[in-house]
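Below are the structure tokens for one structure; questions will follow.
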Amino acid sequence: MAQHFWIVGTDTDVGKTLVTVYFMRCFQMKGKNVIPYKPVQTGIITENNKSYYGDTTFYQSLSEANLIERHLNSYSFKESASPHYAAMLEDSEIKGEVILEHIKKLKTMYDFLICEGAGGLYVPLEEQRDYYFLHLIKQSQLPVVLVTRTKVGTINHTLLSLEALKMQDIPIVGIVFNGFEGTNLEMNNIATIQNFANLPYLIIPKLKNLSDLKDIQIETDKFFERLMSL
Ligand SMILES: Nc1ncnc2c1ncn2[C@@H]1O[C@H](COP(=O)(O)OP(=O)(O)OP(=O)(O)O)[C@@H](O)[C@H]1O
Ligand SMILES: C[C@H](N)[C@H](N)CCCCCC(=O)O
Ligand SMILES: [Mg+2]
């Protein structure tokens with residue numbers, strides 16, 4: 001039993017990495033062989049004379065199994081910016097086929113491959129040929145989970161992202177509403193989006209501590225049933 005998919009977002013900082021780690025842990029708890037994979041990450045962090053990249057370091061910090069470093073990432077660039085720009089600043093370039101090759105290999109090695117996008121869908125990878133993250137996802141032929149905020153502004157961002165995915169015929173597993181604080185406005189946002197999308201969804205609360213991710217209890221069966229059916 002295997003399933004490989006993308007965690008994409010309506011924007012940067014919506015919680016794709018947090019959701020990737022949450023799903024990684026769900027599969028690890030079921031004894032599955034799972035790998036989170038961040039094809040392109042930008043924004044090196046330097047603290048106490050140590051430099052690291054946030055996304056792949058977060059994967060490692062909450063993994064119940066040892067993750068093979070070279071399987072976690074294909075491109076890392078120092079500038080906290082759009083991948084195409086961060087690569088240009090280092091006289092480098094991103095090649096979609098390198099990422100697709102990496103995905104192909106990882107699919108043969110793991111039951112579950114969770115690929116995390118960078119930013120939102122229309123993020124340039126190879127600007128000179130109008131090649132965006134959305135096109136890479138289409139070529140990968142993997143379904144997507146869409147992560148979105150719950151606060152004001154999310155309706156437009158979410159519906160635009162859903163439309164972009166539908167135009168490319170990319171299968172959508174469902175929506176993860178992340179950072180929920182229980183307000184009526186957020187509940188109306190979720191209902192309004194669901195009225196349009198009619199997809200399985202999960203709600204992840206705003207966590208006081210990221211380590212609380214280990215303890216949150218969320219009903220995921222329906223969501224994972226659909227994931228396994230795609
Ligand atoms: N449910 C949550 N509760 C508390 N903090 C959260 C939650 N979700 C995300 N965060 C925090 O918000 C910030 C952005 O989240 P995250 O890094 O997962 O976003 P992202 O979509 O992966 O961003 P990027 O586009 O850079 O990959 C991080 O500091 C993360 O720890
Ligand atoms: C730097 C940030 N945390 C992400 N890694 C990259 C976000 C790219 C966003 C591009 C854009 O939509 O302007
Ligand atoms: Mg991330």
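The backbone N, Cα and C atoms fix where each Cβ goes, and this holds for glycine too.
Sharing the feature lines straight out of TrEMBL:
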BINDING   Asp13, Val14, Gly15, Lys16, Thr17, Leu18, Asp55, Glu116, Gly117, Ala118, Gly119, Pro205, Lys206, Leu207  ATP binding site
BINDING   Thr17, Asp55, Glu116  Mg(2+) binding site
ACT_SITE  Lys38  active site
BINDING   Thr42  substrate binding site
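Tell me about the surroundings of these features in the structure.
The Cβ of Asp13 (ATP binding site) lies under 8 Å from the Cβ of no residue that sits 6+ residues away along the same chain. In the three-state DSSP scheme, Asp13 (ATP binding site) is classed as coil.
Applying an 8 A CB threshold to same-chain residues 6+ apart, the list for Glu116 (Mg(2+) binding site) reads Trp6, Ile7, Lys16, Thr17, Thr20, Pro36, Tyr37, Lys38, Pro39, Asp55.
In the three-state DSSP classification, Lys38 (active site) falls within a strand.
Within the same chain, residues at least 6 positions away in sequence whose Cβ sits under 8 Å from that of Thr42 (substrate binding site) are Ser76, Phe77, Lys78, Glu79, Ser80, Ala81, Ser82, Pro83, Ala86, Ala118.
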For the recorded positions Lys38, Lys206, which Cβ has the most other Cβ atoms within 10 Å, all shown protein chains included?
Lys38
Provide the three-state secondary structure of Gly119 (ATP binding site) computed with DSSP.
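DSSP assigns Gly119 (ATP binding site) to coil.
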Enter the number of other CB atoms within 10 angstroms of the CB of Asp55 (ATP binding site).
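Step by step: centre on the Cβ of Asp55 (ATP binding site), count other Cβ atoms within 10 Å, giving 22.
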